Amino acid sequence: MSKNTIAVHLPDGAIREVPAGTTPLDIANSISPRLAAASVVARITPVSNAAGKSSAHDGQPHPDTASDGSAEATMYAAEDATAPRLVDLSAPLTADTRLELVTEKDPDALKVLRHSAAHVLASAVLELFPETRLGHGPATDSGFFYDFYREKPFTPEDLSAIESKMAEVVARNEPFVREFEPREQALAEFEKDGDFMKTHFVTRFTAPGDQVSFYRNGKFVDFCRGPHVPSTGRVKGFKAMSISGAYWLGNEKNPQLQRIYGTAFFSKKDLEDYLARLEDAKRRDHRRLGKELELFTVSDEVGAGLPLWLPKGATIRRLLEEYILDLERKSGYEHVYTPDLAKVDLYIRSGHWAHYHESMFPPMKLENEEMVLRPMNCPHHILIYESKLRSYRDLPVRLAELGTMYRYELSGALSGLSRVRCMTLNDAHIFCTPDQIKDEFSSVMKLVERAYRDLGITQYSYRLSLRDRANKEKYVDNDAMWELGERVLREALDSLGLKYREARGEAAFYGPKLDIQLADVMGHEETYSTVQLDFHLPNQFALEYTAADGNRHRPVMIHRAIISTMERMVSYLIELYAGAFPLWLAPVQVGLVPISERHAAYAEKIEAELRAAGLRVEVDARNEKMNAKIRDFALQKTPYILVFGDKEESASQVNVRTRGKTEQTSMPLADFITKARDLVATQSTEL
Ligand code: TSB
Ligand code: ZN
C-alpha cells in the first residue's frame with residue numbers, strides 16, 4: 001500500500017513531494033538550518049485522502065502524558081486518528097500529511113521537553129541507584145515527575161546527587177532514539193528484571209503481537225511512546241524539586257512509590273525566572289501570611305473550608321465591607337438581610353436542586369420540613385422582589401446583601417480563604433426591563449473598574465462564560481433563552497469595547513455570565529467579579545411588573561458581585577500587597593514605641609489622640625529594647641511606627657518611621673495625624 005512519494009503540506013500552503021520515509025528534520029533542514037535547530041518536534045495531521053494508515057505502534061496508547069492527577073483512565077485516553085499529533089523530528093513520514101514544525105515558543109514544546117526531562121531524571125536515578133524500578137514519568141502543568149520503587153527512601157542529599165547526575169546526562173547530549181521490540185520479548189525482559197510496573201503498563205496498553213515502543217538515551221531505555229526532544233542537551237534549565245510518596249496505581253494496598261518532582265525549561269533564564277516567581281509566590285502566599293500576620297485560622301474542630309477570622313483579618317474584612325456597602329448605596333442599591341437557610345422546596349423551584357445539587361450541603365430534617373443551607377442568595381432576593389407589586393416606574397430594583405452562603409466544595413479543592421465552604425458574597429440582584437439590561441450592565445462594569453482602582457487591582461481580564469450545550473444536567477435546557485442571553489451579553493460587551501475571551505462550560509446554570517479573572521503570581525486564575533444574565537429564575541418564580549400600558553410583564557434578572565466573596569478578595573489583597581496593606585486597609589496603621597517605661601503616659605496620650613482621629617493604633621508597652629519593638633512592628637508590616645523618648649515628649653513630637661523607607665522624620669503629632677488621615681481618605685497605596 002505504501003507509496004514511494006508523499007505530499008507534505010506546509011503551513012504557508014506549499015506542498016512538498018518527498019520520498020516516503022523523509023523526516024520532519026529533513027524538511028526543516030531543507031527550509032533553513034536555523035529552523036531545524038530551533039525545532040523541537042513536529043505536529044502532523046493526516047491529509048484526509050491519505051492512503052497510509054497509522055502503523056500498529058502509532059496506535060499504541062501513551063503512558064506518559066498524565067496531569068498531576070494521573071488517573072489511569074485519563075493517562076491512556078484513546079486518540080482520534082484524524083487529530084493533529086506531535087511526532088519526533090526523526091520520525092519517518094509515511095503518508096500524505098500536514099506538517100508544522102514546533103519550536104520552543106509553542107506551549108506543546110514545553111510539555112515535550114518536560115517529558116524528556118523526566119527521562120533524564122530516570123536516567124540519573126538508574127545510574128546512581130541501579131536497583132530502582134521505574135513507574136512512569138509524565139509532564140505536568142508546572143514540570144514533570146517520575147515514580148520510582150525503591151525500598152530505601154531517597155534523602156534530600158540523594159535528590160541533589162540526582163540533580164548533579166542529571167546535569168551530566170544533559171551535558172552528554174545523548175540523542176533520544178526510538179526503538180521497537182516485539183511485545184512478548186519486552187514483557188519477558190521486564191518480568192525477568194522484576195520491573196512490575198513496566199510489565200503492568202505493557203500488558204495493559206499493548207496488544208499481543210504489537211511492536212512495543214521504547215526510547216533510548218545513552219544506556220537508559222524506557223517503555224514510552226514519545227515524542228521527545230532530539231537530545232538530552234535540549235534540557236538546558238532543570239531542577240529536581242521535591243520527593244513525595246505515591247501509591248502504585250493510587251491504591252494504598254499497593255507498594256508505596258517515591259515520586260520525584262522536577263521542572264524544566266528550554267533555557268536557564270526561563271528556569272531562573274520561574275524559580276524567582278515561585279519564591280515570590282511563597283513570600284506572598286496568603287495562607288502563610290494569614291498565620292504570620294494573625295489574619296485568619298482554620299480549625300479542625302470547626303471543619304475544613306470554614307475559616308475563623310482573627311481580629312486583624314476581621315478588621316480588613318470589615319473595612320472592605322464598609323467600602324463596598326458605601327459604594328453601592330451611592331449607586332442606587334438597596335441593602336437587605338436574609339437568612340442563611342431556607343426550605344428545600346425553594347431550591348427545587350429555583351432549579352438549584354436540579355442543577356446545583358452537588359455543590360450544596362445535605363438538607364436538615366426538622367419536624368415536618370426539610371431545610372438546607374443556601375448555596376446562593378438569589379431565591380431570597382426574588383422573594384423580596386415578590387413581596388409587593390412592582391410597576392415599571394420602580395425598575396430597576398437593585399437588591400444587595402453581603403450574603404453568606406455555603407457550598408460543598410471538594411476537600412482537595414479548598415485553599416485558605418480563596419476557596420472555602422462558607423463565604424460571604426458582595427451580592428446583588430437587579431430586576432429590570434429588557435430595555436434596561438444594557439445600561440445596568442455597563443453601570444455594573446463601571447463599578448467593578450472603580451472598585452479595582454480603589455483597591456489597587458490593575459491586572460485583570462474578561463471572560464465570557466457560556467454553557468456547554470451537551471451538558472443538560474448542569475444547565476437549564478432552553479436553547480432560545482441561552483441564545484438570547486449570549487447575544488445580549490455580547491452586545492453589551494461590544495458596546496463597552498471590552499476585550500474578552502470565551503469559555504464553554506463555565507456559565508451559571510441559569511444563564512451566561514461575564515467573569516472578571518484575576519491571576520496570582522504563578523499565573524493561576526480565579527473568577528472574582530461576575531455579572532450574570534438570567535431569564536430563567538424570573539420564569540420559575542413568575543415574576544412580574546406592570547408596564548405603562550397596564551399589562552403584566554416579566555422582568556429580567558442580573559446577578560452580580562463586584563468584589564467577589566470577602567474570603568476570596570481578602571486572599572487576593574493579602575497576596576497582592578504581600579501583607580503590606582495600604583494605610584486605609586492596614587489592620588494596625590500606627591505602632592507606638594515608647595523608648596522606656598518613663599514614657600508610658602505620653603504613649604497613652606498619643607494613643608488616645610490617634611484613636612480619636614479614627615486611626616487604628618497599637619502600643620508596645622513591653623519592657624523590651626526599643627529596637628526589638630520596632631522590629632516586631634516591622635515584621636507585622638505596620639505602615640507607621642512612632643518612636644518617642646524624653647526629647648520627643650518635651651517637644652510634643654514623634655519620630656516617624658515609614659514602612660519601606662529608611663529615612664525617619666520627627667514632627668508634631670498633629671502633623672502626623674493630618675497626613676495619615678489624608679492618606680486614608682484618598683485610599684492611597686503610597687505612604
Ligand atoms: C452573583 N448567584 C450569583 C450571584 O448573584 C452567584 O452566586 N454567582 S457565583 O456562583 O458565580 O459566585 C459568585 C462569586 O463567588 C464567584 O465569582 C467567586 O468569585 C466567588 N466564589 C465562588 N465560590 C467560592 C468559594 N468556594 N470560595 C470563595 N469564593 C467563591
Ligand atoms: Zn444570584
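From the backbone N, Cα and C atoms, a Cβ is placed for every residue, glycine too.
In TrEMBL, annotation is done automatically, which means it is predicted and not curated.
What TrEMBL lists as Zn(2+) binding site is C378, H429, H559. For H559 (Zn(2+) binding site), the same-chain residues that are 6 or more apart in sequence and have a Cβ closer than 8 Å to its Cβ are C378, D427, A428, H429, A508, K513, T530, V531, Q532, D534.
Per TrEMBL, the feature domain 'TGS' maps to 1-103.
Here TrEMBL flags 314-582 as domain 'Aminoacyl-transfer RNA synthetases class-II family profile'.
The annotation region 'Disordered' is assigned in TrEMBL to 50-69.
Same-chain neighbours of the Zn(2+) site beyond C378, H429, H559, judged by a C-beta within 8 angstroms of the site's C-beta center, are, in sequence order, M376, N377, H381, I382, D427, A428, Q532, D534, L537, M557, I558, R560. By the criterion of other Cβ atoms within 10 Å of the residue's own Cβ, the least surrounded of the binding-site residues C378, H429 is C378.
Classification of H559 (Zn(2+) binding site) by DSSP places it within a strand.
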